[in-house]
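Features as listed in TrEMBL:
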REGION    B:1-25  region 'Disordered'
TRANSMEM  B:43-64  transmembrane segment
DOMAIN    B:104-296  domain 'ABC transmembrane type-1'
TRANSMEM  B:108-132  transmembrane segment
TRANSMEM  B:139-160  transmembrane segment
TRANSMEM  B:180-199  transmembrane segment
TRANSMEM  B:219-244  transmembrane segment
TRANSMEM  B:277-296  transmembrane segment
Amino acid sequence: MRENTLTVTAPPAADAPPTPPRDAEPPGRGGRRRSPAAALLSWVRGGGVGTLVMFLPLLLTFGYFAWWPIAKSLILAFQRTDLITEPTWVGLSNFERVLADPLLWTALGNTAWFAVLALVIGFPLPVLMAVVMAELRRTRQITSVLAYLPVIIPPVVSVLLWKQFYEPSDTGLFNSVLTRLGIEPVGWLQEPALAIPSIVVQSTWASAGTATIIYLAALMSIRTELYDAAEVDGASILQRTWHVTLPQLRGVILLMLLLQLIGTMQVFTEPFVMTGGGPENRTVTLLMLVYNYAFLSGDFGKATALSLLLAVGLGLLSAVYLRLTRKWSES
Amino acid sequence: MTTLTPVPPRARRSATRAADSEERSNVSTLDRSRRTVRVTTRVLTVLLVVALCVVALGPLLWLFKAALSTSQDILREPFAWWPSGIQWQNLPDAWSQIHVGQYLLNTVWVAAGCWFFGLLVALTGGYGIAVLRPRYARVVNGAVLATLFIPGVVSLISLYVTVLDVPLLGVNLVNTFWAVWLPSAASAFNVLLVARFFAGLPRDVFEAARIDGAGVFRVFWSIVLPMSRPVIGVVSLLTIVASWKEFLWPLLVLPSPDLQPLSVGLYRVSDTAPTNLLMAGMFISVVIPVVLFLVFQRQFLRSAGQAGAVKG
């Protein structure tokens, strides 16, 4: 349209409006060196102040609440501080104290077990559901609404609700089902071996919907020619699922796997509200330990040191993971 | 990342998709004409719908039932529908006795502030990065992007310390809503989402307006904002839902019960409150998001589909 005619009739561009360069630089002054005052003046004339004002909300909030805290944790981790007395520099002693805490290895084990279980229980389910849901025509909307419904529930409410379901008496919701089947009632959150699996089931319930919707969106954008071609070649529905759908989803699946791993390694709300770390510290997670160091013991340096260690661990994990999967997806 | 594409193309695509009902998926129309395929799909559909109703909807229905039951009924006969009659009184009792009304009001305040500041930062920042593009925009963009890759746990403690004594200003934000509003506004994800959207808008419109003498603010207010309704919708939805679900942060920075939102307040009373009132309170805190979700389900699902992948 208009921009087309403009580019086509390039020669008589004299009457076309001159398009000034984006930045504050006024045109035609390229060669000459200007004094700082003149540069400032032209910056102001070019709308530089207004531009800066536009950036202010971002610069202020990120400066105060994103960039500074990251720098601050690098300071705090090397200080002994309870926020009341003057902080003192202590070198690596916070890290030494963290690593010497026997509870650290319990928490690490619990968190890793949580992450593994969450992957085993919660990972394949959304993929499967999305693959089936993509084939539905009339019921796709209603099934996606149902699948996403638990995601809308605030986590604390969801945890408190499931805590009620896990009621250990024989009239508890789950136990009354067991009793009807002739099975002894179970102390879901009281038995050391069952506590983490019970929490994983609840958190899978609460979060599987997000993953399902994301996979569904990815499935909807698979180019249909791929299916057409496979069908012409005589591939059955299951073969197409295996050789077209899943390979096309691979990028999303790999990303979601990493994100879920990073997310579950920072799990806090579920065990904190459900069990408070018990029984016998079997549900204490790494982030709960950070919380305890800071807000129960008032040892902010130690808490920061642990959170930094966790972050470095997660960073390494992501790097290794991305490296491995890149190799794998190339082959 | 493909998930960060601006909204309009995506919306347009799904619109054309709806119009073109013959759009195929894995199972083609030819497959569907086969009997075994038809039967299998129907069986799978029924199984999926039933399973989802039981698993996803069941707990919520049970919560609704429990909210209107006596504590006795909840604990003794969890599967019976109101053996002692429906207890409507639970709702007003929870409202006044465990202060659910106050928590609800606080939650709405928290969500409103998070929404306002989240939009303010994301829209102005996105405009600066994607449209104004001064020389330092690349640095700012990089610094925003970097925070996306740093796990939240790194800054939890130091963020708390910062809020306790804001550098240079020397104010303590603990026990004010600012302590929740401002940190939540520093969301790299929202800024990126908006910047991607703005980058997809036609540049010549902005340039024409600039030539006509419109300043930075005028272009933002009269041209960019009216064009950004889709992205405003997505960011609004994401920030409000996130603030409604937030737990750990408000627990830390709002120790005063008078200011606590529902999630924190319910957690605090969960050990002492009577079971039926707790359930009634939980029900109240679920009703608003669920009703909003059912009304705006398409928008919710679309923004979750395109945005959730990066959010994690």
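Here the Cβ of each residue, glycine as well, is placed from N, Cα and C on the backbone.
Predicted automatically and left uncurated, TrEMBL annotations should be read as such.
Not measured: the values here are computed from a predicted model.
Beyond its flanks by at least six residues, the transmembrane segment (B:277-296) meets 60, 63-64, 66-69, 74, 90-91, 93-95, 97-98, 100, 103-104, 107, 237, 241, 244, 262-263, 266, 269-270 of its own chain at Cβ-Cβ distances under 8 Å.
By the Cβ criterion (distance under 8 Å, sequence gap of 6 or more), the transmembrane segment (B:180-199) is not counted as touching the transmembrane segment (B:43-64), fewer than 3 such pairs being found. Listed as Cβ neighbours of the transmembrane segment (B:139-160) (distance under 8 Å, sequence separation of 6 or more from its ends, same chain) are residues 125, 128-129, 183, 186, 188-189, 191-192, 195, 248, 252-253, 310.
Counting same-chain residues at least six beyond the ends of the transmembrane segment (B:43-64), those with a Cβ under 8 angstroms from any Cβ of the stretch are 78, 279, 282-283, 286, 290.
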